[in-house]
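A.B. asks: Below is one structure. I have some questions about it.
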Amino acid sequence: MLLLPSPADGRGTAITHALTSASTLCRVEPVGRWFEAFVKRRNRNASASFQELEDKKELSEESEDEELQLEEFAMLKTLDPKDWKNQDHYAVLGLGHVRYKATQRQIKAAHKAMVLKHHPDKRKAAGEPIKEGDNDYFTCITKAYEMLSDPVKRRAFNSVDPTFDNSVPSKSEAKDNFFEVFSPVFERNSRWSNKKNVPKLGDMNSSFEDVDIFYSFWYNFDSWREFSYLDEEEKEKAECRDERRWIEKQNRATRAQRKKEEMNRIRTLVDNAYSCDPRIKKFKEEEKAKKEAEKKAKAEAKRKEQEAKEKQRQAELEAARLAKEKEEEEVRQQALLAKKEKDLQKKAIKKERQKLRNSCKTWNHFSDNEAERVKMMEEVEKLCDRLELASLQCLNETLTSCTKEVGKAALEKQIEEINEQIRKEKEEAEAHMRQASKNTEKSAGGGGNGSKNWSEDDLQLLIKAVNLFPAGTNSRWEVIANYMNIHSSSGVKRTAKDVIGKAKSLQKLDPHQKDDINKKAFDKFKKEHGVVPQADNAAPSERFEGPYTDFTPWTTEEQKLLEQALKTYPVNTPERWEKIAEAVPGRTKKDCMKRYKELVEMVKAKKAAQEQVLNASRAKK
């Protein structure tokens with residue numbers, strides 16, 4: 001602190017007092033270029049002075065302007081101002097070599113240079129001919145600047161840049177040089193991405209993560225490319241609101257279609273690259289090798305575990321096998337013994353049957369009349385078929401140890417017992433069939449005059465007609481009805497409707513009832529046609545030594561086997577019917593011959609019925 005010097009001796013000190021006003025508060029705001037620079041530095045987070053940054057920016061832009069060399073567009077003066085939309089705006093301004101990379105400052109500078117050179121006033125002063133109004137080519141320069149100076153319009157034009165290569169390399173082109181072919185294509189198309197930092201294609205040494213990021217980016221590519229520049233209609237030219245809406249709707253649909261085609265192009269590009277990428281193949285092979293190694297390791301561990309289990313299982317199986325073989329051997333021995341016994345019994349029955357035939361033959365079948373002899377032969381065959389071994393032995397002992405009269409009496413007694421047994425079986429079957437028929441008629445509820453009074457003969461005739469005229473016959477049910485009306489002895493006229501109703505009711509019968517009806521029909525047929533044997537032209541009549549004929553109806557499979565055997569063994573084949581019988585299991589030679597005769601008669605009857613129906617239809621016409 002500075003103090004005044006003390007006064008000299010003898011001198012006084014003069015003190016002056018003055019009054020001062022009170023302090024006042026003032027609001028002062030910072031202004032000036034330095035404060036402006038401070039604020040801009042703070043906002044831009046820059047340490048250098050704002051003026052230095054602005055100077056550097058201006059210097060860089062000026063250097064760019066100095067370096068920018070405009071290209072002369074040779075076709076400029078030949079452009080049609082009315083067709084300005086189809087011109088290359090960058091080429092018009094001399095920026096064809098820079099294109100979408102040109103800055104706004106460069107566009108402005110290029111336009112300024114073009115104006116100084118091609119303005120109508122300049123050219124007019126130089127003595128060049130000019131066109132009036134918008135017909136001069138200078139209009140193309142103005143339109144180009146309008147399009148490129150507006151960011152929205154420029155983006156629309158960049159989307160349809162005529163110099164952009166939209167081609168997609170094929171798989172064959174990139175077979176040997178994948179990276180050289182696809183790298184520039186992806187680099188070229190990356191300009192359409194909304195996202196920055198577009199991943200590169202990379203090279204053969206790229207990691208799996210980098211390749212996965214690359215393809216994930218391009219498979220989910222977000223493009224800003226739009227096609228409004230190609231709109232055929234301009235809504236500004238619309239005369240009313242409805243027309244403007246219609247134009248907007250048409251333009252939106254066209255843009256959407258072009259956008260879809262663009263995304264399909266990008267997808268095709270990515271698909272082709274993915275399918276040709278050698279790294280993908282390498283990664284798949286590595287993954288496959290890894291899985292194979294893991295699989296082999298698991299298989300090896302499982303194999304060792306299975307070996308231990310297999311040893312234990314083999315021991316158990318061996319013990320079980322030995323026990324099973326022992327059991328099977330016992331069963332086989334028992335079956336062999338049973339088969340031997342059965343064969344012995346068959347041989348014994350066959351021997352006794354032959355013995356019975358020979359005994360009867362020795363006594364000339366106990367008759368001097370040919371018809372009675374044939375009938376006795378049939379009865380003997382019936383005995384051979386139905387008698388058991390003990391009964392056959394007893395009967396043979398009687399025949400060999402007695403006189404002719406006693407033997408005949410014993411034989412007739414045995415025949416009477418068998419016939420009585422057969423008669424009882426038939427009566428039971430007929431009663432069962434009648435009861436079933438009554439139940440069926442009650443359940444059917446009647447079907448006209450023809451649905452009542454169906455006799456047993458009519459039922460048998462209906463079954464025969466249904467089998468005679470199978471499905472597929474023309475006017476089948478009319479033919480069946482006509483056949484029944486011709487051959488029926490009841491005198492009742494049946495219609496096709498009556499026949500259909502009765503056939504449906506018979507179909508509801510159980511298999512045993514159907515078999516009984518079929519047997520009934522066969523017995524009736526035999527009674528009518530089997531009394532006097534008829535000679536077959538295909539083979540001579542002969543005595544049958546086989547077992548008694550079975551009356552079981554022929555199945556479809558047996559019918560097919562019989563037809564095939566008839567084709568296989570023609571008429572001139574020696575022992576034809578023996579071979580045919582061998583081809584049809586379960587049927588004897590006599591069965592096959594009788595079935596053949598039945599089929600011949602059925603075919604003849606079928607042809608006659610069809611001929612009658614045909615004649616009736618012709619008569620109606």
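The backbone N, Cα and C atoms fix where each Cβ goes, and this holds for glycine too.
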A.B. asks: Tell me which of 118-139, 294-315 corresponds to the region 'Disordered' entry in Swiss-Prot.
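C.D. replies: The range carrying the region 'Disordered' annotation in Swiss-Prot is 294-315.
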A.B. asks: Tell me the residue counts in helix, strand and coil for the domain 'J' (88-161), as DSSP assigns them.
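C.D. replies: Output for the domain 'J' (88-161) reads 52 helix, 0 strand, 22 coil.
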A.B. asks: Which residues does S183 (phosphoserine) neighbour through Cβ under 8 Å, counting only same-chain ones at least six apart?
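C.D. replies: Looking at Cβ-Cβ distances below 8 Å from S183 (phosphoserine), excluding near sequence neighbours, one finds K200, L201.
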